[in-house]
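Inspection log for the structure reproduced underneath, given as structure tokens.
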Amino acid sequence: MLVMQLLLPFLASTAAAAAAIDSTSSSNGSDHHGSSFQAECESFKAKINVTNANVHSVTYVPAGVNISMADNPSICGGDEDPITSTFAFCRIALNVTTSSKSQIFMEAWLPSNYSGRFLSTGNGGLGGCVKYDDMAYAAGYGFATVGTNNGHFGNNGVSFYQNTEVVEDFAYRALHTGVVVGKELTKNFYPQGYNKSYYLGCSTGGRQGWKSVQTFPDDFDGVVAGAPAFNFINLTSWGARFLTLTGDSSAETFVTETQWTAVHNEIIRQCDSLDGAKDGIIEDPDLCQPIIEALLCNATQSSTSGTCLTGAQVKTVNGVFSATYGLNGSFLYPRMQPGSELAAYSSYYSGTPFAYAEDWYRYVVFNNTNWDVATWTVQDAAIANAQDPYQISTWNGDLSPFQKKGGKVLHYHGMEDAIISSESSKVYYKHVADTMNLSPSELDSFYRFFPISGMAHCANADGPSAIGQGTGTFAGNNPQDNVLLAMVQWVEEGVAPDFVRGAKLNGSTVEYRRKHCKYPKRNRYVGPGSYTDENAWECV
């Protein structure tokens, strides 16, 4: 099978993996070794002729060395998290001018174990930073891989201030430009060009993947989009609203971190067993409608104990678990799903502004560096929605062009996401179904959505959340354990995933696995084995 022909250099520490690497390569790819590949790389700079581009460097990177982060500014982490190359590749760094007031920085990593496949990575937050870990992950599988800084360096919105060109890069242009340039470099470097084009991204990267599906359907054959920051304008308004609910730490409405722990424990008490198993994980938060009043302090209790809430605090918590509405009661954004309270505190409930919302309103909506999130109202949300620069909301429900060209989307979202409510993904799925007048079985031909229980924002948390979405979540090379390989199998072999199998990792050790259902089905424990037995669950 084509999927099993993908090379696995990052597993080369085992003899079995090393043997597999030596004995396999994509029949559509090219396997370069030693000095010939190095010579091809070192002579490639003179052959690059990309419009509006300034090539900084073309460097041969051998296997087994720390990859230089000289082009990664300190605002993006610099070299604090070095990556060791487990494969040889040709590294190209360049700037591409997108307007008289904007440019992107990008890199292309062209591996010696090329599989005949192209892949673009995405970004995160308001960034701003090349996702080098994702580039290493994809290039390790033999993809010619590109990544950009999304039009500016840094994970904040300062660069947007009075510069709509940088906003345009962030909305869509940086990724699309990187794809166009990256494909040109790939075709020029490898005589056979590329056969299929893929995308892998989460959060802002998830939104970027969906923007490509909606606006540039020919860019990719397969898109893996996690925890998308789509409905972007209303997402920022949702993030701004939390401070108006909680107040600062001195407000009577403020709920302390200790009290949020009590809230979380009560939610788990009420909702954990709704899926049939008491495992500390809420499989489907849709079923969880917590009665927070159960935590009201009685006559002998004090809210200062951290174990109970005042009436004002209960109102705050209920507000968090309520949808956000705008002028005239118009729906803006769904509630925060219950189960994510512990991680969400630092981002949303701590009595301080959510930085991304603050930056978007300051530097884009109002162009006022002194704007105060505490003053946010639904009128502000209406102003932001009326702008929606370059349709950054990324909410088009008509995916017909992508469907007709044969594209595939694998969409996933963690059910404990503390940054982007997982309910937003469910709302979008239904929006696509309604817009295209397609049932779930009809959507299945090109669009499949997998809610991942026990996953926080893009990765990790309490449950079996490692699904091969990146280096730190690698849990196997079977397509059912790896969303990137599942996408390759779907595109190239026509075998679509009916489930995504996640792993609960302890370091690199798999503690247990669970099959995550394809929406709109949900997982239910039916026994008779332990909840750690994947065969004790079924999709209903």
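Cβ coordinates come from backbone N, Cα and C, glycine included.
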Next on the checklist: Let me make sure I read this right: Swiss-Prot says Cys90 forms a disulphide bond with another cysteine. Which one, out of Cys41, Cys202, Cys271?
Outcome noted: Cys41
Next on the checklist: Need the cross-check against Swiss-Prot: the disulphide partner of Cys458, picked from Cys76, Cys129, Cys202.
Outcome noted: Cys202
Next on the checklist: What does Swiss-Prot give as the disulfide partner of Cys517, choosing from Cys308, Cys539?
Outcome noted: Cys539
Next on the checklist: With the disulphide bonds as Swiss-Prot has them, who is the partner of Cys288, out of Cys271, Cys308?
Outcome noted: Cys271
Checklist entry - Swiss-Prot pairs Cys308 with one of Cys129, Cys297 in a disulfide bond, so which one is it? => result Cys297
Next on the checklist: What does the structure give for the C-alpha distance between Ala277 (Ca(2+) binding site) and Cys288 (disulfide bond)? Integer Å is fine.
Outcome noted: 14
Item to check | Integer Cα-Cα distance in angstrom, Asn49 (N-linked glycosylation site) to Asp275 (Ca(2+) binding site) | outcome: 57
Next on the checklist: Quiz question: given the glycosylation sites Asn66, Asn506, which has the greatest number of C-beta atoms lying within 10 angstroms of its own C-beta?
Outcome noted: Asn66
Checklist entry - Once near-sequence residues are set aside, which residues in the chain of Asp275 (Ca(2+) binding site), 6 or more away, have Cβ atoms under 8 Å from its Cβ? => result Ile281, Ile282, Glu283, Asp284, Leu287, Arg522, Asn523, Arg524, Tyr525
Checklist outcome for this item: Ranked by how many other Cβ atoms lie within 10 Å of their Cβ, the disulfide-bonded residues Cys297, Cys458 are led by Cys458
Checklist outcome for this item: Per DSSP (three-state), Asn195 (N-linked glycosylation site) is coil
Checklist entry - Where the distance is taken from Cα to Cα, which of the recorded positions Ser203, Asp272, Asp279, Asp417 turns out closest to Cys90 (disulfide bond)? => result Ser203
Checklist outcome for this item: Under a three-state DSSP reduction, the secondary structure at Asp275 (Ca(2+) binding site) is helix
